[in-house]
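Colleague: Relevant sequence annotations retrieved from TrEMBL are reproduced here:
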| type | residues | note |
| --- | --- | --- |
| BINDING | B:R105, B:R149, B:I150, B:G151, B:T152 | phosphate binding site |
| BINDING | B:Q228, B:R230 | substrate binding site |
| DOMAIN | B:65-315 | domain 'Nucleoside phosphorylase' |
Protein chains: 2
Amino acid sequence: MSPILLNGMGIVNDHSEYIEPEVPFKNPQIHVKNPHLDTMEEDILYHFNLGTKTHNLPEMFGDIKFVCVGGSANRMKSFAQFIHQELALPGNMDDITDICEGTDRYSMYKVGPVLSISHGMGVPSISIMLHELIKLLHHARCIDFVLLRIGTSGGVGLAPGTVVVTDKAVDCFFRAQFEQVVLGKVITRGTELDVGVSKELLQCSSELEDVPTVIGNTMCTHDFYEGQGRLDGALCSFSTEDKLEYLRKAYNTGVRNIEMESTVFAAMCRACGIKAAVVCVTLLNRFDGDQISTPHDVLVEYQQRPQVLVAHFIKKHLGLIV
Amino acid sequence: MSPILLNGMGIVNDHSEYIEPEVPFKNPQIHVKNPHLDTMEEDILYHFNLGTKTHNLPEMFGDIKFVCVGGSANRMKSFAQFIHQELALPGNMDDITDICEGTDRYSMYKVGPVLSISHGMGVPSISIMLHELIKLLHHARCIDFVLLRIGTSGGVGLAPGTVVVTDKAVDCFFRAQFEQVVLGKVITRGTELDVGVSKELLQCSSELEDVPTVIGNTMCTHDFYEGQGRLDGALCSFSTEDKLEYLRKAYNTGVRNIEMESTVFAAMCRACGIKAAVVCVTLLNRFDGDQISTPHDVLVEYQQRPQVLVAHFIKKHLGLIV
């Protein structure tokens, strides 16, 4: 597949900058930054319905090398089944069971070295999942893994269906930072993601048909309607021109898509020394509208693109594709 | 049941202040505050998989008088089945189907005049649901209804299992307000809830066995771990004493429980002129710990308490209990 130019607005796939994948990832161990954890007799990962006393976490999860997370439980189940097929693993892909079936907060599937987990919508929802996931990987003594968010988003100046690999995750003020409140005090964390993994993903896209991909900044908001400048919420106090001006400002700072989880995802991975990337497909171009009115089958195909891209990335790392 | 005194820290059920229920609610119509909606040919409620062209919303939802929302999809299905039984509605309660089954973002069940919807965890997740719910009720021309959040929470100085009916929803700085970002500008909305409905709910609790209930402030955070002063997250930079000091401060301002949705729920209902209340059971007393280690069957019973309370409230309004 040739380098991709989308309306002259995307960053092209650049083969010359391609960095050879490292197998395994240089991610030797997680830096869980909590001295209290060592003093706990048991750690109950409440929203996963798992615990250190009730489950043998090293045995269940110790071989994990790829952790993939996304908002929708159905989509993350489909992804697990897809990966099962792609890695030609033994057994029937329809027999995959939800490891968190005792709770409906999140769904979790393990297929070989790949863990697929849903995280719901928004920063608070993914943040609960990440705290428990990072502790899970720590308790399971996982090393040399990568954490990938595969999601959906609104595009900013991109054709619908374009996949955006996140350069910087920025907040609604276009700052590459995440504000975390700790005991009523605001602390700021950086949101840099792993440049090497992002470039590898871009390279992977160039080896695939029909996965148009760019690298760009991803804006993370705490609201889908007013926060993203949509005109179709229950509340809207601004004009079409106000909206377009905000989107143009976002575009001019390098924002190519908008979603609702990337800043805390990047900040927590960075704080814990985890290699991570964000790969989201755009379902619409926000300069053209707010409502997602694309036919269902087209949306389904769009949502498969990050999955196809990440599956290719995983297969390369496992040596299944040279 | 006698007035309840919990460790001397709760506000007692006060029969003398009891206000006779109004049937129907004086909530004549929703104030959807968005002039753009009138100009739209179609409104797709994307995360419900419903729309004004594809569904007859007035026919489907026009008779709704009680909208109950909660985080977990399973719990909101159980609640729908429970209400079906409580209202002695015709048909088999196991046949209740998810109106949003085409999507897994939210689940929605309708039983007679009661709508039961899940909203996931955190402000962004419930906010998407509320935008689409408020538009749904607007399109369906619903009048004279009440919106109740029935959830779970961490208690502050209360025995586990206590139900808290929210007086004021406050943020992590103990302010009764919600900050909404609109096009990169922060606007502040009030979070007052309906005093009459809260008092009615407290009265209902006094008519029930085993539903210990207080009225208190509810703190809404954007994070379950660091934001709520938990010592057991993947990241924790504070001491046990720091945590307890924050909880004491919260308690002294009237906070009796902590959850993750009440401020935006209160703010949006208030902005749209909707009568609303928040009813959450406490799963633990945060002064005593962070982990939810209570046996599963006890937690299940706790989670039924807000449902039992709200069912009683609904039955009184429908004249099924004098």
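In case you wondered, yes, glycine gets a Cβ from its N, Cα and C as well.
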Colleague: So which of the binding-site residues is most packed in, judged by how many other Cβ atoms lie within 10 Å of its Cβ, out of B:R105, B:R149, B:R230?
Modeller: B:R149
Colleague: For the binding-site residues B:R105, B:R149, B:I150, B:G151, B:T152, B:Q228, which ones lie near chain A, with a CB less than 8 A from one of its CB atoms?
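Modeller: In terms of proximity to chain A, the binding-site residues that count are B:R105, given in sequence order.
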Colleague: Going by a 10 angstroms cut-off between Cβ atoms, which of the binding-site residues B:T152, B:Q228 has the sparsest surroundings?
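Modeller: Taking B:T152, B:Q228 as the binding-site residues, the minimal 10 Å Cβ count falls on B:T152.
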Colleague: Measure the Cβ-based neighbour count of B:G151 (phosphate binding site), defined as the other Cβ atoms within 10 Å of its Cβ.
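Modeller: The answer is 27 other Cβ atoms.
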Colleague: In this predicted model, what is the average pLDDT of the domain 'Nucleoside phosphorylase' (B:65-315)?
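Modeller: Mean pLDDT across the domain 'Nucleoside phosphorylase' (B:65-315) comes out at 97.
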Colleague: Report the same-chain neighbours of B:I150 (phosphate binding site): residues 6+ apart in sequence with Cβ closer than 8 Å to its Cβ, ordered by sequence.
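Modeller: Counting only residues 6 or more apart in sequence, the Cβ neighbours of B:I150 (phosphate binding site) under 8 Å are B:C68, B:V69, B:G70, B:F79, B:V279, B:C280, B:P306, B:Q307, B:V310.
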Colleague: Measuring Cα to Cα across B:R105, B:R149, B:I150, B:G151, B:T152, which the record gives as the phosphate binders, how far apart are the two most distant ones in Å?
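Modeller: The phosphate-binding residues span at most 19 Å between Cα atoms.
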Colleague: If you compare CA-to-CA distances from B:R230 (substrate binding site) to each of the binding-site residues B:R105, B:G151, B:T152, which comes out shortest?
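Modeller: Nearest by Cα distance to B:R230 (substrate binding site): B:T152.
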Colleague: Return one of helix, strand or coil for B:R105 (phosphate binding site), based on DSSP.
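Modeller: Looking at the DSSP assignment, B:R105 (phosphate binding site) belongs to neither helix nor strand, so coil.
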Colleague: Round to the nearest Å and give the CA-to-CA distance linking B:Q228 (substrate binding site) with B:R149 (phosphate binding site).
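Modeller: With distance taken Cα to Cα, B:R149 (phosphate binding site) is 20 Å from B:Q228 (substrate binding site).
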